[in-house]
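What TrEMBL says about this one:
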BINDING   214, 221, 224, 230  [4Fe-4S] cluster binding site
DOMAIN    65-212  domain 'HhH-GPD'
REGION    1-23  region 'Disordered'
Ligand code: SF4
């Protein structure tokens, strides 16, 4: 039989092996992490807690309500709640069904009502009707874990705290600061990277970035000013134009989550002066990358 004239296709050339990236030293990672924090501070000079509150009790209640829902939904719910139950004493004596009805829009309203009444009773009976300013005391209150306690300490008492919510944990891993999944371990690792004085604002900035650009499902990598410092660049949309359309809240031209934005959060003055410039910076990233 004649030998076939069909020539076998040459096997594809093996791609040159990618140069293994040098593992990052601890020092380099810490430097990069602190640069990320500085960049985030420039990008979000107006970063602040996104729950409306006027005193520690309101922040505590709002933070408990914020589980599994948006801060905007909580902010739409709390004015009626605080009008009816302005103090721990009032909330401790609440009729559970009436309280449930008010907080129903925030979801899981039966459990949340139980926590709110329970923590109000504890504040009334054990803490003289005041929210305590110590982590060890706060976590003894029903429905209050480390995350809630750190939110209250950092924002109502000025005690530095790292708040590891779903956004913070995800971004800390994407930034290569940690591989830990457990929020308490993430808090401990990140606490070693940054000075205490940065903890509270770092938490706000990272959460702001997670809500606006580095989303859980489709991070807008192509419109992300942190991209040159981020080992996870490419995990999301890299096309600048498509990525620009994924931006949310004020970066996407929409309102933020607060109904009553605070008048005295750190960086407020800078925020006013720089708001337009930052809008421009992100828009430039979206078209220029
Ligand atoms: S480059 Fe992508 S993964 Fe990294 S921070 Fe930005 S959006 Fe998130």
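Using N, Cα and C of the backbone, Cβ positions are placed for all residues, glycine too.
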Reduced to three states, what secondary structure does DSSP give residue 221 ([4Fe-4S] cluster binding site)?
helix
List every residue in the same chain as residue 214 ([4Fe-4S] cluster binding site), at least 6 positions away in sequence, whose Cβ is under 8 Å from its Cβ.
167, 170, 171, 174, 220, 224, 226, 236
Among all protein chains shown, how many Cβ atoms are found within 10 Å of the Cβ of residue 224 ([4Fe-4S] cluster binding site), not counting that one?
29
Looking only at 221, 230, the binding-site residues on record, which one has the least crowded Cβ, with the fewest other Cβ atoms within 10 Å?
230
Quick one: mean pLDDT on the domain 'HhH-GPD' (65-212)?
96
Near the [4Fe-4S] cluster site, what residues other than 214, 221, 224, 230 in the same chain have a C-beta no further than 8 Å from the centroid of the listed C-beta atoms?
174, 213, 219, 220, 226, 227, 232, 233, 235, 236
